[in-house]
Amino acid sequence: MINLRKTHPLMKIINHSFIDLPTPSNISAWWNFGSLLGMCLMIQILTGLFLAMHYTSDTMTAFSSVAHICRDVNYGWLLRNLHANGASMFFMCLFLHVGRGIYYGSYLYKETWNIGVILLLAVMATAFVGYLLPWGQMSFWGATVITNLLSAIPYIGQTLVEWVWGGFAVDKATLTRFFAFHFILPFIITALATVHLLFLHETGSNNPLGINPDSDKIPFHPYYTIKDALGLMLLLLMLLLLALFSPDLLGDPDNFSPANPLNTPPHIKPEWYFLFAYAILRSIPNKLGGVLALLASILILLIIPLLHTANQRSMMFRPMSQTLFWILTANLITLTWIGGQPVEQPFIIIGQLASMLYFLLILVLMPLAGMFENYMLKPKW
């Protein structure tokens, strides 16, 4: 009998992507995050779909519809907690996935990397518009402050802000359109993720050594399917622990109060996964400068392949670059902490130093370290 998975037009694609795919034999647990992100996306789309069945995107009823979901809908509290904390798990996996790419030089697959950066931006946009939907205090003021940054654009700024708002303030029109964006974007992300995979399978996976693994490859199934299954179990365990035992751990208490345009919260801050970028934004006293720094903090990822100076692809055998990479990691954690603090000393100066170090590390120190390591490895006789 002819093997259907190798001949059927649809099954053939699945077979070449997830079953008979030749995979390097030495990829570590850091290569699990792609499948974990796929799982996160599926969880978010499913929980989001069921939440959307009960949610109303109207300023008068949005807040109470979320309360209704939690109180009156069967397992509505679980859906909401999984969706809110699923976003946190999503970003956790995203940051680790990007970090893995930087550490092991995966960014040298330029098409895959660039689509990945676009995916990161799309997920950030989805999370941002989704945060307005519960119509709590922090939802309202967070959306007001961040959308208002568009007004820093010379000449067209103010017009642009009012165009995004659909009026002169964040109101019903804004909520309705943000709900529409929040619904459509995950499907765009799914399409982009497919393209991301398509480009990856053109070249094959990178591996911890950063060398050509063609001489030693194994089929994806059963080796990596079982490995991915273990990762998924651990992800689900962590998500359930978070959603069932401390669902409000990562949220803001201000969001338990309905949105009130007449009362500003003492500290306006976004969700934890945006705090590093928010800290960079706040560290520059000029509005336009801050907005440009905010954009640069993410878009800098696009030029990382151009800044690769080392002869070795991976950082596995490059101690100087490794040290700088872990300093960058610590720096991002510091920025995340600063983003959640009030604008006063010593937080201002710490934020400014950390922001400066962030760009200095990526643009200057890491490329220099790569060049120095090349020099050190050159035969001296």
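Note that Cβ sites are derived from N, Cα and C of the backbone, with glycine treated the same way.
Taken verbatim from Swiss-Prot:
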type	residues	note
TRANSMEM	33-53	transmembrane segment
TRANSMEM	77-98	transmembrane segment
BINDING	His83, His182	heme b b562 binding site
BINDING	His97, His196	heme b b566 binding site
TRANSMEM	113-133	transmembrane segment
TRANSMEM	178-198	transmembrane segment
BINDING	His201	ubiquinone binding site
TRANSMEM	226-246	transmembrane segment
TRANSMEM	288-308	transmembrane segment
TRANSMEM	320-340	transmembrane segment
TRANSMEM	347-367	transmembrane segment
Integer Å distance between the CA atoms belonging to His201 (ubiquinone binding site) and His83 (heme b b562 binding site): 30
Secondary structure of His83 (heme b b562 binding site) (DSSP, helix/strand/coil): helix
Which of His83, His196, His201, all binding-site residues, has a Cβ with the fewest other Cβ atoms inside 10 Å: His201
Secondary structure at His201 (ubiquinone binding site), reduced by DSSP to three states: helix
The transmembrane segment (77-98) in contact with the transmembrane segment (226-246), cutoff 8 A, at least 3 CB pairs, sep 6+: yes
Integer Cα-Cα distance in angstrom, His196 (heme b b566 binding site) to His182 (heme b b562 binding site): 21
Long-range Cβ neighbours of the transmembrane segment (178-198) (under 8 Å; 6 or more residues past either end): 17, 37-38, 41, 44-45, 48, 52, 55, 57, 112, 115-116, 118-119, 122-123, 125-126, 129-130, 132-133, 143
Other CB atoms within 10 A, centred on His182 (heme b b562 binding site): 21
Which same-chain residues, if any, lie at least 6 apart from His97 (heme b b566 binding site) yet have Cβ under 8 Å of it: Phe33, Gly34, Leu37, Gly116
Intrachain residues whose Cβ lies under 8 Å of the transmembrane segment (320-340), provided they are six or more past its termini: 95, 99, 102-103, 269-270, 272, 274-280, 282, 310, 347, 350-351, 354-355, 357-358, 361-362, 365-366, 369-370, 372-373
Same-chain residues near the transmembrane segment (226-246), Cβ under 8 Å, at least 6 residues beyond its ends: 29, 32-33, 35-36, 39-40, 43, 78, 81-82, 84-86, 88-89, 93
Close approaches to the transmembrane segment (288-308) from elsewhere in its chain (Cβ under 8 angstroms; 6 or more beyond its ends): 98, 102, 105, 107-108, 110, 113-114, 117, 120-121, 124, 149, 152-154, 276-278, 280-282, 355, 358-359, 362-363, 366-367, 370
Length of the line joining the Cα atoms of the residue listed as 'ubiquinone binding site' and His182 (heme b b562 binding site), in Å: 29
